[in-house]
Amino acid sequence: MARSHNFSAGPTAVPLDVLTQAHEEFFDFAGSGMSVMEISHRSQVFMAVASEAERDLRDILGVPPAYKVLFLQGGASLQFAQVPMNLIGDKGTADYLHTGLWSGKAIEAARRYCDVRVVASAHASGFDHVPHASHWRLNADAAYLHYTENETVHGVQFIDTPASDAPLVCDACSSLLSKPIDIARHGLVYAAAQKNMGVAGLTVVIVDPALLERSHAFTPDILNYARISEAQSMLNTPATFPWYLTGLTLKWIKHSGGLQALHQRNQAKARMLYRAIDGSDGFYRNSVQAPYRSINNVPFRLAEVALEKTFLRRAEQAGLNGLKGHASVGGLRASLYNAVSVPAVEALCDFMNAFAREHG
Ligand SMILES: *Cc1c(COP(=O)(O)O)cnc(C)c1O
């Protein structure tokens, strides 16, 4: 079996151990004589899968016991609308930090539901940093403050959890489970599974119960966090297979030593790649200011832009996949999520060094 190295931004690599286990029990799950995809979400067999995934997620992230954990569909993009629908209450206004493409999308979606105030933006400098907190114009009457912990396209990441009097809402789509996060400091954290947590089709929302009864009158039950929570995320048929696969991925995270161990490994991977870029005498460049460089997504350009096509083709021939940058910014990008191994990043750096020697 030839598995190529996968640096895609999402969907992306799933740990081989997870794929292997899913493969082994594909036709007959837990002695049921059926695939996990073929059984009722209300069956005891699936309910056990669902609750074990929740327990493991709570364990790994240190979720405060009172917080609700929801397993939803619609991707992180649906949360761009679902968050204001549910949390805006009678305040009518919310604060947003604009640090890249994804927070921009969250801002645009929220405008339909509330008065959005962009309290700081890095747009003018091409999203190469997170504006310092001393420059944020926070509003005392904001229903919440929304930030995007890791900007998947621009490769910009927060250094610390923002301080805020308003409940803090975090789009952690591309960084949840790649490092520790203090959930208790947040009102709500959301992430789709296809980055660090499994496959497309599942979104996890972790929410402080104090925020649950503020939804807009027009919010349908199916999008209402409180109603979903009461129904244990089974108000309608949940995404059973992605939920199961996230469960396997959470076990893998536990066996891998948890978030501290994964964070160290992820930092080492990122250091290795940034060193290859910075040490290339300008052949490659990443223009994000050093303190804000992402450990999850590393966008880069070649000084000679016309060579990027050749780079991608040759990389694929070498078994290095998913290195094309997001369409909105072009260039190249390597995503270094949990399932990307140290040897995979070594192979990428070796390839980059050799390519630069050949074409530099
Ligand atoms: C991928 C991503 C999204 C969008 O996720 P979908 O599941 O495709 O809707 C939103 N925010 C961030 C930070 C992302 O990385």
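Cβ coordinates come from backbone N, Cα and C, glycine included.
TrEMBL has this to say about the protein:
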| type | residues | note |
| --- | --- | --- |
| BINDING | Arg42 | L-glutamate binding site |
| BINDING | Ala76, Ser77, Trp102, Thr152, Asp171, Gln194, Asn236, Thr237 | pyridoxal 5'-phosphate binding site |
| DOMAIN | 6-348 | domain 'Aminotransferase class V' |
| MOD_RES | Lys195 | N6-(pyridoxal phosphate)lysine |
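A map of TrEMBL features onto the structure.
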{"residue": "Arg42", "record": "L-glutamate binding site", "DSSP (3 states)": "coil"}
{"residue": "Ala76", "record": "pyridoxal 5'-phosphate binding site", "DSSP (3 states)": "helix"}
{"residue": "Trp102", "record": "pyridoxal 5'-phosphate binding site", "DSSP (3 states)": "helix"}
{"residue": "Thr152", "record": "pyridoxal 5'-phosphate binding site", "DSSP (3 states)": "coil"}
{"residue": "Asp171", "record": "pyridoxal 5'-phosphate binding site", "DSSP (3 states)": "strand"}
{"residue": "Gln194", "record": "pyridoxal 5'-phosphate binding site", "DSSP (3 states)": "coil"}
{"residue": "Asn236", "record": "pyridoxal 5'-phosphate binding site", "DSSP (3 states)": "coil"}
If I take the alpha carbons of Trp102 (pyridoxal 5'-phosphate binding site) and Lys195 (N6-(pyridoxal phosphate)lysine), what is the distance between them in whole Å? 14
Using the alpha carbons only, what distance in Å do you get between the residue listed as 'L-glutamate binding site' and Thr152 (pyridoxal 5'-phosphate binding site) once rounded? 35
Can you list which of these binding-site residues (Ala76, Asp171, Thr237) have a Cβ closer than 6 Å to ligand 1? Ala76, Asp171
Over the domain 'Aminotransferase class V' (6-348), what is the model's mean pLDDT? 97
So if I measure Cβ to Cβ from Gln194 (pyridoxal 5'-phosphate binding site) and keep only same-chain residues at least 6 apart in sequence, which ones fall under 8 Å? Gly10, Pro11, Thr12, Ala200, Gly201
Cβ contacts of Thr237 (pyridoxal 5'-phosphate binding site) (under 8 Å, same chain, 6 or more positions away): His41
Which whole number of Å gives the largest C-alpha distance between any two of Ala76, Ser77, Trp102, Thr152, Asp171, Gln194, Asn236, Thr237, the residues noted as binding pyridoxal 5'-phosphate? 30
Please give me the CB contact count at 10 A for Lys195 (N6-(pyridoxal phosphate)lysine), counting all chains in the structure. 29
C-alpha of Thr152 (pyridoxal 5'-phosphate binding site) to C-alpha of Lys195 (N6-(pyridoxal phosphate)lysine): distance in Å? 10
Counting other Cβ atoms within 10 Å of each residue's Cβ, which of the binding-site residues Ser77, Trp102, Thr152, Asp171 comes out lowest? Ser77
Measuring Cα to Cα, how far is Asn236 (pyridoxal 5'-phosphate binding site) from the residue listed as 'N6-(pyridoxal phosphate)lysine' in Å? 24
